[in-house]
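Shown next, in structure tokens, is the structure this report addresses.
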């Protein structure tokens, strides 16, 4: 007697997102560590120098965290009101921050009391940065002004009053100590030169500007405001290169990867988008639990830190390369185990019998082997199977139909069991890969349970859903056939015109309108 042959489960190609190098790179982070702050995290900034600590601005405090620590190693709390935009100097030794009362404070990273206090703004200071020479600080405030401060003398050097609304973001050039950028709620981004008394360039963004970023080379400017991220060429007078609209809500922060090849943007829609700086297409996306206010990347992209409106600081560390642990050496079998039976000499009358390989059957195969057809169908109609592996359910239905026992397996079911069958049909009947098998199953179910329709509201509702699905599919197929008919007519007309033009233009190899002299 031949052995039982398991049901062949038809496999289908898995359609999903293409796995790229960016996907592998940006997914190579550990589970995020979440730190609760006292208020919304308005700014995160990494020190440019080892050990790459980062400053977190939240409420009226500035916390300094170690690269891998979950506890703050230093706190600056000498603020009367909310603190903003704590930023490291290029050497990582000083940190500057603005505040709600209009003051700008300079701190030594090794101390606690402010080294300098710059007073001059009349409203909240939301952006501060060090210039490239390390001896000046630029600040922008809600009083519409931009000021340049001298650190050694604690004095104001210049004041620019060209913005007509709140100045909420800015950055200084990393190459030129006299150039810096500011963005305002008046929809403009301006470039100022400390050697002049007015701006040297103004770019219209079209929305209140929330964040600006200058590429290390100084040639490209990125501005974020509203749902737009715009990239401008500063060497061509601020010419717009590309406008990106990949977020659903206001973009609040921008960041560059360590290599400068990827641009990151965070938004109130709780997403961080990663763009290629060559094609400006989204190559990856991160999802977070709350709206995002700030974003920063560590050296070599080893850590990504995101600050949110609910006061949560999300910290992701890159996975380290797995090291092979030196496990104790397994004891090998004895030598006699390998030579057992090797010295046996074959005889002419010996009969060689191969030990049959034991086949492990699935539970539904065991039921089919013992002709428990209803039980086999029940197993594959379990919600876990129908949702994760619907192809198994379809294969079993196809096998039962081949055996001619599908009607017997579907008959005699109660309200709950028939609901499972109808749910599966409703979910998968419109899929082209399953339709040939499931249409036949649907016809059998209708024939069996037609006499009892109207006795169960639950089953009646499922049948109505199935009817609506079939009608919608029929309308869809009719529209497709109409479209195919129109396309065939167009193609036929084009072929007829091409054939006619060839006949008109050629007659025995010569143009028709040309007379041939005899």
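Using the three backbone atoms N, Cα and C, a Cβ is placed for every residue, glycine included.
Keep in mind the model is a prediction, meaning the values are calculated, not measured.
What Swiss-Prot annotates here:
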- 2: N-acetylalanine (MOD_RES)
- 36-75: repeat 'WD 1' (REPEAT)
- 78-117: repeat 'WD 2' (REPEAT)
- 120-159: repeat 'WD 3' (REPEAT)
- 162-202: repeat 'WD 4' (REPEAT)
- 204-245: repeat 'WD 5' (REPEAT)
- 246-285: repeat 'WD 6' (REPEAT)
- 249: SUMO2 cross-link (CROSSLNK)
- 287-326: repeat 'WD 7' (REPEAT)
Quick check on the repeat 'WD 1' (36-75): DSSP residue counts for helix, strand, coil, in that order please.
0 helix, 21 strand, 19 coil
Quick test of the contact rule: Cβ under 8 Å, at least six residues beyond the ends. What residues does that give for the repeat 'WD 7' (287-326)?
28-46, 48, 50, 52, 54, 56-58, 67-68, 70, 249, 252-259, 264-272
Looking only at Cβ atoms, how many others are within 10 Å of the one on residue 249 (SUMO2 cross-link)?
14
Give residue numbers and ranges for long-range contacts of the repeat 'WD 1' (36-75): same chain, 6 or more residues beyond its ends, CB-CB under 8 A.
81-88, 90-92, 95, 97, 107, 109, 112, 293-299, 302-303, 305-313, 315, 317
Work out, from DSSP, the number of helix, strand and coil residues along the repeat 'WD 7' (287-326).
3 helix, 20 strand, 17 coil
Beyond the flanks of the repeat 'WD 5' (204-245) by at least 6 residues, Cβ under 8 Å:
165, 168-171, 173-176, 179, 181-189, 191, 251-256, 260, 263, 265, 267, 275, 280
Using DSSP, how many residues of the repeat 'WD 2' (78-117) fall into helix, strand and coil, respectively?
0 helix, 21 strand, 19 coil
